[in-house]
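Undergrad: Below is the structure I would like to discuss, written out as structure tokens.
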């Protein structure tokens, strides 16, 4: 039905007759000549119909937005004065000779113009129309190019694309599972996988030493801009490769993606330990485009007569750190109050500040609500440590170390955006040497990555003797403050795996009930293995400049995990529930909806 895509027609086709199909992006009648912008997934081309062919011209005059049409015409160069440099096809146009309406379009329920606003609900309800818009179509096409490039690289590197089950068993991976009732085993449930973690480890035990899969994963968790109940991972696992080798291979793949698809040279990724990232940036996924760093000042403030500073400065578990924001002294008191309120979201009890109005005037050039507690030596020490200049603002964080890191890390990001401090387009890095465990609110321990991550350089006995000192052989790839992917070396012997379960409070009976198959498999010559999983949606979001992963998924859910297009989720037929042995407990929420 067509000779090429609309967006592919160029000056090399001048003088040729082409047949194109697509949708009417815009139609206008200018002085007896109809100009038609025809659009398909590859772009837009201008078609011109004049009255010399009255039958075709009359049909062209009836066209409206989103009519689906077939066009035949002659490619001709535009005069220099009419070249449109904003269009790929802006040097040419099609002189229309034939026109067939393949399907008409009713008045549209959403605005198709990129400059017109549609609500998120409207866009998702009429997603098939929203996806026709060039900026959306471009992202979906780009996503396809990413997956093709990933497959090509991994296939060429000897990896095997192997599918793993979707109906599986619940595993403790940090979020709620989506459950699927079994008809044949009434009262029992499958779980949709949060990741293929255990199956890909079992594939290593099966001898398939290089595995990958572009796979759907499911997590029933609270949603944010970068979260969806179903999402896609680029899942990778290898045997007989160290963490350094896995990092090198996946870094090579990532650099290739950016070079091939964006012509961006990311260069070699620097490595930073978790401890250094938290100390300098207050985050385990630091945005290195932001030049601000947390600066420790507990030694300067440990003797001041101000408990807010003094107590954490002398507490082994406390921390006092500052941010020095260039030009920040221009913030008003109201704006500083907004910063303080923002810090409380992340656990801070308040926010002390110091304005450097005039460095040459000593204490007289300093403005701060806590200045009365600070002598000249302390102020000079702070100014020297932070290298503050006239016009700068110093923000103080003083509390338990984890609260200071989280609150000051959040303020660092906010200040970086507010003061336009971000420099450089792409700043990748590896974050390594994570703690094996982190404390829970009830005094227990939680695996920082997952329970199958191996510790570095210790025995099971040493791990159980002091689990909080253990460092995991884990690694995260971070780009511009976003975690692209995370992975680790896995535990490959049953003694170490059982020790980790005990530390996490998973007793032997529970471990055997949930993971007996894994513990059994570990007894039969399991090879050393390691892997990594990338968030495909997040990678495409960053590479295309989208603000949400919803804009790089064809049919995403809303922030309440619903699909306005299909009205999913919905109520099941009562007969189906009886067959499944499932009884719905009535609540006020679902009672109203069923009525």
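The backbone N, Cα and C atoms fix where each Cβ goes, and this holds for glycine too.
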Undergrad: Can you find which of 213, 228 Swiss-Prot lists as binding ATP at the same site as 219, 220, 221, 483, 535, 536, 537, 538?
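TA: For ATP, Swiss-Prot names 219, 220, 221, 483, 535, 536, 537, 538; of 213, 228, the listed one is 228.
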Undergrad: Between 193-196, 197-200, 201-204, I'd like to know which one Swiss-Prot lists as region 'Aspartate'.
TA: 197-200
Undergrad: State the non-local partners of the region 'Aspartate' (197-200) in its own chain: residues 6+ outside its ends, Cβ under 8 Å from one of its Cβ atoms.
TA: 164-165, 168, 171, 173, 211, 213, 235, 237, 450, 452, 515, 518, 531
Undergrad: With every protein chain in view, what's the tally of Cβ atoms within 10 Å of the Cβ of residue 490 (L-aspartate binding site), excluding that atom itself?
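TA: Here the count is 24.
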Undergrad: How many helix, strand and coil residues does the region 'Aspartate' (197-200) contain under DSSP?
TA: 4 helix, 0 strand, 0 coil
Undergrad: Using the alpha carbons only, what distance in Å do you get between residue 538 (ATP binding site) and residue 219 (L-aspartate binding site) once rounded?
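TA: Cα to Cα, residue 538 (ATP binding site) and residue 219 (L-aspartate binding site) are separated by 16 Å.
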Undergrad: Using only the residues recorded as binding ATP (219, 220, 221, 228, 483, 535, 536, 537, 538), report the maximum Cα-Cα distance in Å, whole number please.
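TA: The span, Cα to Cα at its widest, is 20 Å.
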